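Visitor: Before I ask anything, let me first share the structure, which is written out below as structure tokens.
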Amino acid sequence: MCGIVAYVGPKDAASILLEGLQRLEYRGYDSAGLAVVNAKSLKTRKVKGRVADLAAAVPAKFKGTSGIGHTRWATHGAPSDVNAHPHLDQEQRVAVVHNGIIENADELRRRLEGEGVKFESETDSEVLSQLVGRMVKETDSLREAVSRALKSVVGTYGIAVIDAQRPGEIVVARNGSPIVLGLGEKEMFAASDVAALIRYTRQVVHLEDGELAVIKADGFNTFTSDARETAKEPFTVDWDAGHYDNGGYEHYLLKEISEQPDTVARTLRGRIDDRFHIAHLGGLNMDARETRSFRRVKIIGCGSAYYSGQMGAQLIEELARIPADAEPASEFRYRSPVVEPDTLYVAISQSGETYDTLAAVQELKRKGGRVLGIVNTVGSAIARETDGGIYLHAGPEVSVASTKAFTSTAVAFALLALHLGRVRDLSPADGRRICEGLRRLPEQIKEILTLEDRIRDLAKKYADSPGMMFVGRVRGYPVAREGAQKLKEISYVHAEAYPASELKHGPLALISPELPTVAIVPDDELLDKNLTTLGEIRARHGRILMVGHRTSEAADDCIVVPKNEVELDPILLTIPLQLFAYHAAVALERDVDRPRNLAKSVTVE
Ligand code: F6R
């Protein structure tokens, strides 16, 4: 993995591929490469480093009207020029770019080497180019050659393949790793992410797992793995190239944090019913009787999506009084979960392509579970696999660390909880209270954003700590977990989140002047208990940064945010922690938008 782009049409392929690769840079990568077909031969350039390094390595005379490009995030073999994609077969006729993991690569490599094939790289992906290279000699169809090669492969892939003998044709295939086709005027594109195509077209077609497509300048055809042609309806992406610009901000992350008054308003738009104080969620595809029939809610997602799910579980229990809990999708899928007909499953994903979450959804569906998706990317794999759901409408999230998708997911859960609550026992008065609270969120987020200068100073003050503890109780605990996640992933400062109530059962031993604590202290029924915890930390000479609705002498520093309804306060309390992590990362001169070792969307196991 990480990013694929392909082009066939009348224009200069190399410059379109380089532009597309630039648009994929946000996903994180360590090397880049491209190949074009020219006069029945392949031209290839690959470099360890940035897309700008690749552009500098591509000579002016690198003409071709079809080609493929890739940004690689190393899985098999270290980042290097040779391990970068595209990979060729040994006769240099076929070139392949691949996202995903070939699980039986070692076995295939041994078999091919036994047949005299010489490998260039250490990657699992090269077995694909070598296999297609062998098959392409046995058939006069590139699609057939790719299809035959894929029959011996176990694993996940999104691939694009070109053949020097067929200049006007590209074959792409998907199994677990996204591929989207972009339909232009007498030109066609394919990519792993619409970001790479959006400057050229907004008409797209998503491939399903097991599908292949042949793309030519004048159109495309899609097939199942057993060569049956499939019918696909293109749809129009409602994001445009402007959504992918940094809007004059120094980093995408700051842009995305700052966008939250708008993105939260978009998640809410048209979904609050003032007459019955309920949420309109047409995408759930469930009538009131069905909505009432669930006895449990189980939420799955990975990383920050999972933490937003914890916030969601809390909201559902409080407002709808249905037992709810969240679990990492990556764990859920491996433990043979008991799937019950009266449980509503909810899968969360910004990208809609996270492999662990997708695999968990597929497992649930196999076992007859009813699964909703809370997803940002329209038409993505998880959106397609689920029985219904809620789109976030937060616009594309470019920075690797999730911010606006997190808050919009929490808001979507508040809407879902309101909806589930109002078809059960939540009173109209409480329904109205929540509707009014939701409406106040965008303005209150604006108010929090005005605290940025103060938060920057605090971030500078604490950034050189060797580590930080984050604590919160009940509603505050998911806030603490997400705050620790943001800090560790973009600033590389060790950060650990604990329920405040658990501190005295172990981690209190860590508290010292060297390990400051960020304490989430909302004004709710647990305020006194939280203040007692601050006292315990202080008695061990721990420094405290308190985030809440008031100041306290028990803390060294306080960030005070506007108060909403107790159930909705966690959403607002998250935002200063995003700014804190951002400014800590800037103070430490980190690569804020592309933190080391991380990719934006994890489409491998
Ligand atoms: C953290 C972060 C990740 C993602 C996770 C799930 O800032 O971005 O933890 O939340 O990889 O990604 P999606 O939501 O695309 O499924």
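Positions of Cβ are set from backbone N, Cα and C atoms, glycine also.
Relevant sequence annotations retrieved from TrEMBL are reproduced here:
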type	residues	note
ACT_SITE	Cys2	active site, nucleophile
DOMAIN	2-218	domain 'Glutamine amidotransferase type-2'
DOMAIN	286-426	domain 'SIS'
DOMAIN	458-595	domain 'SIS'
ACT_SITE	Lys600	active site, for Fru-6P isomerization activity
Visitor: In the domain 'SIS' (458-595), how many residues does DSSP put in helix, strand and coil?
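Guide: Taking the domain 'SIS' (458-595) as a whole: 63 helix, 26 strand, 49 coil.
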Visitor: Among all protein chains shown, how many Cβ atoms are found within 10 Å of the Cβ of Lys600 (active site, for Fru-6P isomerization activity), not counting that one?
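Guide: Neighbour count, Cβ to Cβ under the 10 Å cut-off: 27.
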Visitor: So what pLDDT does the domain 'SIS' (458-595) average out to?
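Guide: Averaged over the domain 'SIS' (458-595), per-residue pLDDT gives 96.
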Visitor: For Cys2 (active site, nucleophile), list the number of other Cβ atoms lying within 10 Å of its Cβ atom.
Guide: 28
Visitor: Give the three-state DSSP assignment (helix, strand or coil) for Lys600 (active site, for Fru-6P isomerization activity).
Guide: coil
Visitor: Would you mind reading off the Cα separation of the residue listed as 'active site, nucleophile' from Lys600 (active site, for Fru-6P isomerization activity), to the nearest angstrom?
Guide: 9
Visitor: Looking only at the domain 'SIS' (286-426), what are its DSSP counts of helix, strand and coil residues?
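Guide: Counts, helix then strand then coil: 62 helix, 28 strand, 51 coil.
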Visitor: Can you tell me whether DSSP puts the residue listed as 'active site, nucleophile' in helix, strand or coil?
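Guide: In three-state terms, the residue listed as 'active site, nucleophile' counts as strand.
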